[in-house]
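Feature annotation from TrEMBL assigns transmembrane segment to 40-57, 100-124, 131-151, 195-217, 229-246, 340-360, 372-400, 420-443, 455-474, 480-504. The domain 'Major facilitator superfamily (MFS) profile' annotation in TrEMBL covers 44-508.
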Amino acid sequence: MSIQPVDKIDENIKEVSKEPHVEIQHHHDHKQVHYGKPHFAVFLAAFTSLGGWFFGYDQGVTGGIVIMRSFKNDFCVGVYGNVSDCNLPVAALPSEYRRFLVLFNLLYNVGCFLGAVFISSVVAERFGRRAVIFTSAVLFFIGTSIVIFPPGGSSKIMILILFGRIVEGTGVGCSSFSCPLYASEIAPTNLRGMLSGFMQMTVVIGLFAANVVNIFLQNHKWGWRLSNGVILIAPLLIITGIFFCPETPRWLYKKKGRDAAEASLKRIRRIDDVAGELDAIADAIEEEGNQISVKELFTKKKMLERLGVGMGMHVLQQATGINPIFNFGGIIYESVLGKGIISLLILSGTNLLSTIPALFMFDRLGRRKLLIYGGLAMVIGHLVAATIFVTGCTVTTSIINGTTISEEKVNCATSSGILMLVSTAVFVGFFAISWGPIAWIYAAEIFPLNVRARAMSLTTGSNWFMGTIMSYILELIKPLGIHGVFYLFSGLSLLAVIFVYLFCPETRGVLLEDIEEQFDNFQLKNRGFVKLFRRSCKRKRKQTMQVNIVEMQS
């Protein structure tokens, strides 16, 4: 039995509602656009996506360095306890050291939020898209240097380290905002998904590389410092090279006029005939008007709805559980299989290998279909992993230093542990081809030019805000169990699928300047299942009225 595409469902049940649907036309013909040779645009997207490299690498390296002997010697041994105290399970570690570990991760996420919301949009609007990429690299370089170069062994020095984590985070927050924005504004329409997805590719490469580097340096006396220091190459490359890249034509047209935009577009497209694309940009700017304020962004209904879609996409991306899988997957599978580091390598390798074909799927299959079908596969991956744990594993509780630690010992059959890991790899693989990259691509596409920078800073900030909340998911393992957390992720992934079906139109192959029309013609009441539900409600109301009339007549 074949499965119909989701968008076909709406076509097959059009008759369930007789309400007319009028398409809104914006009266611009943007079909005569020539994109020239894409090679330089591909190079630009690849170079600027180096910001994703330190985004992913830092995310991957942190989970490994905090269990390295070198890290514990600098920040725990002799500061908060002795060697044996600092090697206890996490719940039995000295409380002050646990607090430091929490702040080490929490303040990084706070920095990411600050960079995405309060720094990136201001720099991007006033000084250009290249400037915010440059800013992200400078902040990350300074922050990482503050973290790795001071000596350890002092609680006062640790305050400086935590400050460095905030600065480091602001750089990552700015890069997570700026890289997909730049790529989306210089990319030809037929390659926009792939080029915007380059950032996700560098993120997963960085994530995988961090796990490999951690394995090789885990026993070195400077292990955690060297693991962190390797990534400084990426911001140095961006700092030295970003201003050799052209500014985006869309920003130039708005800030410096048509001539400046034309020169940039000719350089990017490698052709002289760019009039069609310039006209499309001009039409969009004319319709959108002047830059609107943050207040107007929240008070104008259309913009508020669009912002809800962008922020909802990012919040739900985090809610699928991807960060906890990589942050705590090593701990979970160390308990389940006894192979935590290897399991993490398998998961990060799956993430990397799945992202490669994904780059070619965005513009062929479309964003909407990938989000829906990929999301359903993610639901199944979590669901199967949770069910295998329930049926194939047992949990015993142990007490260390008077502290009750649930799930300190998990006993699983090897086959059950392997099947759990395979199921989680299924989740990671489908995340990598759908929700991982598309959440960033989609949010970079859906906003008008006059609000794009501010809106993207808010959507990116919502991602980091939800990421901060999800960092506490480890605390839920005790009351819910490992299986309960996986069931929770499964339910949240299903919610993400429903969200896309109801609120997110397809943007594949649509000029950025024409996406406004896509949203105008995509309305909740025209979703197939919504029509069925409304028709059912009308039928019930009609039946109830008929019953009431009969009772009144009798």
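Residue positions begin at 1 at the first shown residue.
Including glycine, each Cβ sits where the backbone N, Cα and C put it.
TrEMBL annotations: computationally assigned, not manually curated.
Comparing 40-57, 195-217, 340-360, 480-504 for CB pairs under 8 angstroms to the transmembrane segment (372-400), the maximum falls on 480-504.
Looking just at the domain 'Major facilitator superfamily (MFS) profile' (44-508), the mean pLDDT is 84. Taking Cβ pairs closer than 8 Å, the transmembrane segment (340-360) reaches residues 60, 63-64, 194, 197-198, 200-201, 204-205, 207-208, 211-212, 214-215, 325-326, 329-334, 370, 421, 424-425, 428-434, 436-437 in its own chain, all 6 or more past its ends. Looking at which of 100-124, 131-151, 195-217, 420-443, 480-504 has the most CB pairs under 8 Å to the transmembrane segment (229-246), the answer is the stretch 131-151.
For the transmembrane segment (131-151), the list of distant contacts is 48, 51, 54, 58, 74, 111, 115, 119-120, 123-124, 157, 160-161, 163-175, 177-179, 181-182, 225, 228-229, 231-232, 234-236, 238-239, 242-243: same-chain residues at least six beyond its ends, Cβ to Cβ under 8 Å. When Cβ-Cβ distances under 8 Å to the transmembrane segment (195-217) are tallied for each of 40-57, 100-124, 420-443, the top count falls to 40-57. Remote same-chain partners of the transmembrane segment (40-57), defined as residues 6 or more beyond its termini with a Cβ less than 8 Å from a stretch Cβ, comprise 133, 136-137, 140, 171-172, 175-176, 178-179, 182-183, 186-188, 191, 195-196, 198-207, 209-210, 230-231, 234-235, 237-238, 241-242, 245-246, 267-270.
Within the chain, the transmembrane segment (420-443) has long-range Cβ neighbours (under 8 A, six or more residues past its boundaries) at 176, 180, 184, 192-193, 196-197, 199-201, 204, 310, 313-314, 316-317, 320-322, 325, 329, 333, 336-337, 343, 346-347, 350-355, 357-359, 361-362, 367, 370-371, 373-375, 377-378, 380-382, 384-385, 388-389, 392, 412, 455-456, 459-460, 463, 489, 493, 496, 504, 507. Long-range contacts of the transmembrane segment (100-124) within the same chain: residues 58, 62, 66, 75, 80, 90, 93, 131-132, 135-136, 139, 143, 158, 161-162, 165-174, 176-178, 181, 251, 327, 453-454, 456-458, 460-461, 463-465, 467-468, 471, each at least 6 residues beyond the stretch ends and with a Cβ under 8 Å from a Cβ of the stretch.
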